[in-house]
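Student: Before I ask anything, here is the structure I am working with.
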Amino acid sequence: MNMNQQRHMASLYGQLQPGYQGYPQPAYATQYAPYNGPTSGYQQGTLSSGYSPHTTFPSKAPAPDANSDLSCPSLLDQGSVCPPPTLGAPASAYTQYPQGRLQNGHPAMSTEPQRPPISQLYVPGTQLAYQQPQYSAPSTSAQQLTNRLSGMQIGSAAPPLSGSSYVNQHCVPSPSHPPASAVFTSSVTPTFSQTSSPNASLTHGPPENYSGALPLVQRSLSSSSSSSQPPVSGTALPSLRPPVSGTALPSSRPPVSATALPSSRPPVSVTAPPSAQALFSTDAPLPSTVPPLFEGPIPLIHSSYPIRLSPGPQAQVPSSPPVPQAAFGSVHPPPSQSPLPVSLVQQRFSATQPSSFPPPPPPSTGYLPHTGTVARIPSMQVPPQLPQQPMLGPPLSQANHIPPPPPAPLGISGIMPGSQPVPGQGSPMQPAQHGYQSHQNGAFGQMKGPQPGYPGSYPGQENFSGPPSAPAPPPSKRLDPDSIPSPIQVIEDDKANRSSEPFSTGVRGQVPPLVTTSFQVKDQGNASPRYIRCTAYNVPCTADMAKQTQVPLAAMIKPLAELPPDEAPPYIVDHGEGGPIRCNRCKAYMCPYMQFMDGGQRFQCAFCSCVTEVPSHYFQHLDHTGKRVDCYERPELSLGTYEFCASVEYCKNSKPPQPPAYVFLIDVSYSSVKSGLVSIICKELKTLLDNLPRETVEGESKIRVGFVTYNKVLHFYNVKSVLAQPQMLVVSDVADMFVPLLDGFLVRVAESRTVIHSLLDQIPAMFADTQETETVFGPVIQAGLEALKAADCAGKLFIFHSSLPMATGPGKLKNREDRKLIGTDKEKSLFQPQVSFYGNLAKECVAQGCCVDLFLFPNQYVDVATLGVVPYFTGGSLYKYTYFQPAADQECFLQDLRRDMRKHMGFDAVMRVRTSTGIRATDFFGSFYMSNTTDIELAGLDCDKTITVEFRHDDKLNEDSGALIQCAVLYTSCSGQRRLRVHNLAINCCAQLADLYRNCETDALINYFAKYAYRSILSNPTKVVRDSLINQCAQILACYRKNCASPSSAGQLILPECMKLLPVYLNCVLKSDVLYPGADVSLDERAYLRQLISCMDVAESHVFFYPRLLPLQKLDLEGENLPVAMRDSEERLSKGVVYLLENGLQLFIWVGASIQQELLLSIFGTTAFGQIDPNLTVLPLLDTSYSRRLRRMIESIRAQRSRYMKLMVVKQEDRMELIFRHFLVEDKSNNGGLSYVDFLCHMHKEIRQLLS
């Protein structure tokens, strides 16, 4: 296309009305021939001031990744991916008015507008012929047109979002010139296909066989007009203005965010005309005044490449070029206001600043289609300009005539065909002017008198020079949440597509199913995603690429993860006294990636390329492919996960370890005894001691146990089997702690069962009358540590503590709770340990293999940030039961205690992560201690603990060889055996950014971001941490927009397909109690959650930040299928339904006020809503199929989580509903956290600022 050709004018009509305003509509007979530049119809105009359009040309680059474009409905449609265009020479802008004169409103009816030819696409080998349309004077006066309104009638409701009439716009017009109205006719009708699902993810290639010019915009009509404009392939068809409330409507107005237009006219419901000649009518007279609906340039929507359209008889396919958009000049409203609307009014433009994003190029076969989907929502715009507020510049372009409006949904005002236009709405083309103030009626420039033939729009609005209309009320609605990416839709799609077939790990760099999908894993050489999940499975080849994208390269490793019953545990391999076979240089262990050579006598390391001799006892011949003939007989040569039996050289002091020991330390101060906690613990321990961990189900546990009680002093108990009664020894000098007995403190349960039971029966009675309120804490840990040292074994301490340790002794603390520091630079000190004593003590515990599990029962501030240091560094667990009440909290505590004692555990563990050349592990997150930069030391490692490892480049990677990760964990089993568990994972490397964005996992990214942020608050204010997260996320998405997405309007928010949920999940992290606390969140609770998240796996962090909300009105009473989850928003709750919400820590049942009596009777055994007991923590045991199914469902959900979730019943409009609403994370939070829609707008603004 000629770079200096004018941008063609395109009609903004949805369907051109014959004889509209007296203009005849000639049929534009379009001939096709090779294009040789502009025709005689070419009109050269003056260049708009402050605006420099450029003709763009596509680049024939390979097709990168799919993206999610948030500028049209939530229907998924297809777009191509290409690099940013190169800029050509500027072209002149079209205008029908001379410079220096501002035409406000509409041109005189006698004025004949100048219009250049119809927009056509250039097709090589075709001839384009233009015919200049002839326009005659209007045959109908303006007053006659106004009078028609009284006879008009409103039709049926707007078409639904998912209707089949939604098709996609895949034509990008030339951005250089304004449109001209024309009627499109084609000599050859292109073909199209329509799928059964309008939301289907489609893949379109460039059109192959067509001879007609491709229309630039395909409008959407109701089903009755399908013959005029058929849909294409079930993809979304955006109009010139993005749809309202998820409903695509052909229009030239800016996008609307489900917000009522600021109009004094009552809302109307409109549908598209059944034919191109249909007119609207109304039953009621319209109000006298109608304020303008928008002003300024019209943001357009562009798809990435042409699609084939088949216009029906008399189909008029308008086309419109994009309007380059300048940088925003306004800011977001405060949190208390409504969210940023999709613009209904004038967007600010700077006349001297060019567009912040290059305009899209014309369609070309140089655009290669990609294989992903493009999710679009209405483009995000800034808030409307206030009256009398100075504008940054005039509109760049406007319609050169008044278009008939599209069908409008309920609550949206519009101009009906035949009515007089509203000033400032769709006004004629105006030259760019500077310095004009925005008038109160929304039009640009100083108001003139009425134009010839244009009286006031409606009775009461006599002319343009009359008094301005009253200011429009603020929008009362927001962008429809259904039009933006839905987490539930993504989760359900993944379940439908990936749960039926087993996930085989043999393919390198394969992205696993989501953590919310139930699937089976077949180990074929790479570790199961239950053990390792990565943020990206395609790593950039160079450090510069990684720095450019800002995508963190990390792996979430859960070394001892539990497997479902249908998956086999890791095989145990014993290589004899010599120990596991490993590389001589990097010490990597034998794995499927090692290459054998010289007939099997040597092997080359896949991590460092060093060649190592194969020991004689391990030698085996190779087959014709170079593999060992026993490859599939050895787990270390064919599987991704396996265990080695460690030799003596892997043990401390070169001797086999002793079986571990458990020490129970019980707080017997006044608060613990009076609450009944001591009695509950002692009674439960008598049962739990018979279920200690063991290697086999039939065998007996080799774990030894010991008991200590304490308040200000410590009481040790001798429970040796030869004693008739237990003996108590008191240590009152807590400053120099020691164990007063060696023999009889740690014993086998089977040998001393009688004495132990006697002790547990006597402890509650011994301290029943205690008045001691002060406690110690540091000496308690020291006592357990000294006991393990004396026994020369590793083990775990179970500490049950209830108050702030204020008694004299090591580790004494004071109450430092100061809420005045929240939100200040000193807030970070509240998360740091109060004293260094516990950090030093934790190092000693790690050296001995002493893991600490802490159960807290506070009634006031206990400084969790300090008390939790030892459990954190030793790999232990922290549990907290605030305001413990036996009736409500006993079951939760006991279930946690039972699982904590029984779960699979490794002691005195050391973990190291090795990588192939090019990347290395640089940072680590989790509950552990590191004495150097490579070894992760854990006094205890259980099946729930996850260690997150971040990788960085230290050299260039190769696409062919990829990158390798090997995680090796050396630990002592519960039977005292030294084991070595190995996990291997191979990932791909890429030289194209699109490959990286195509192979990321959002859930893993959020897990990393949360852990990174929660650690950062130890040294930075929370606001700085939140801003850092937002900035990094914006850089990730901006890099994709700049380098991978097809060029489009800057008003569009484009997301990668695999990252389209990144904004909603990141907003949940930012709104969490740790980073953005409410007034009712205690400092202890924030410190507790911070430590809890630090060792969560991906599945737990996902449900924690985005809770699962399940409707319970329809349950599968026969099977075990759960109902489909709902999005976490109060708008989606119904008064007549019961819902279940869980986040891994809490479990709620929300009961609507209008619930049916039958459902009430089935769940609660009552027929009245007011009779429901809000203090219920256990559902009644009713003999109904519904009650049994609901209780089974709750138990199955609890079994999926590492913590027992206490049940809370919340009645609608009850005081507990405030707590429940806190977990509806898509809504605005009480503490000021943004809603999903608001945050999406905010992210869009951040991305645009980066791109500009």
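Counting begins at 1 with the first residue displayed.
Here the Cβ of each residue, glycine as well, is placed from N, Cα and C on the backbone.
Annotations per TrEMBL:
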type     : residues  : note
COMPBIAS : 37-58     : compositional bias 'Polar residues'
COMPBIAS : 183-202   : compositional bias 'Polar residues'
COMPBIAS : 214-233   : compositional bias 'Low complexity'
COMPBIAS : 378-398   : compositional bias 'Low complexity'
COMPBIAS : 416-431   : compositional bias 'Low complexity'
COMPBIAS : 449-461   : compositional bias 'Low complexity'
DOMAIN   : 580-618   : domain 'Zinc finger Sec23/Sec24-type'
DOMAIN   : 657-900   : domain 'Sec23/Sec24 trunk'
DOMAIN   : 906-989   : domain 'Sec23/Sec24 beta-sandwich'
DOMAIN   : 1127-1193 : domain 'Gelsolin-like'
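If you look at the structure here, what lies around each of the features I listed?
Tutor: Here the domain 'Zinc finger Sec23/Sec24-type' (580-618) returns a mean pLDDT of 95 for the predicted model.
Broken down with DSSP, the domain 'Sec23/Sec24 beta-sandwich' (906-989) shows 0 helix, 54 strand, 30 coil.
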Student: Using Cβ atoms only, state whether the domain 'Gelsolin-like' (1127-1193) and the domain 'Sec23/Sec24 trunk' (657-900) have three or more pairs under 8 Å that are 6 or more apart in sequence.
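Tutor: Counting Cβ pairs under 8 Å (6 or more apart in sequence), the domain 'Gelsolin-like' (1127-1193) reaches the domain 'Sec23/Sec24 trunk' (657-900), since there are 3 or more.
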Student: Treating G and I as helix alongside H, and B as strand alongside E, what does DSSP give for the domain 'Zinc finger Sec23/Sec24-type' (580-618) in helix, strand and coil?
Tutor: 6 helix, 11 strand, 22 coil
Student: Can you count helix, strand and coil residues in the domain 'Gelsolin-like' (1127-1193) using DSSP?
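Tutor: Reading the DSSP string over the domain 'Gelsolin-like' (1127-1193) gives 23 helix, 11 strand, 33 coil.
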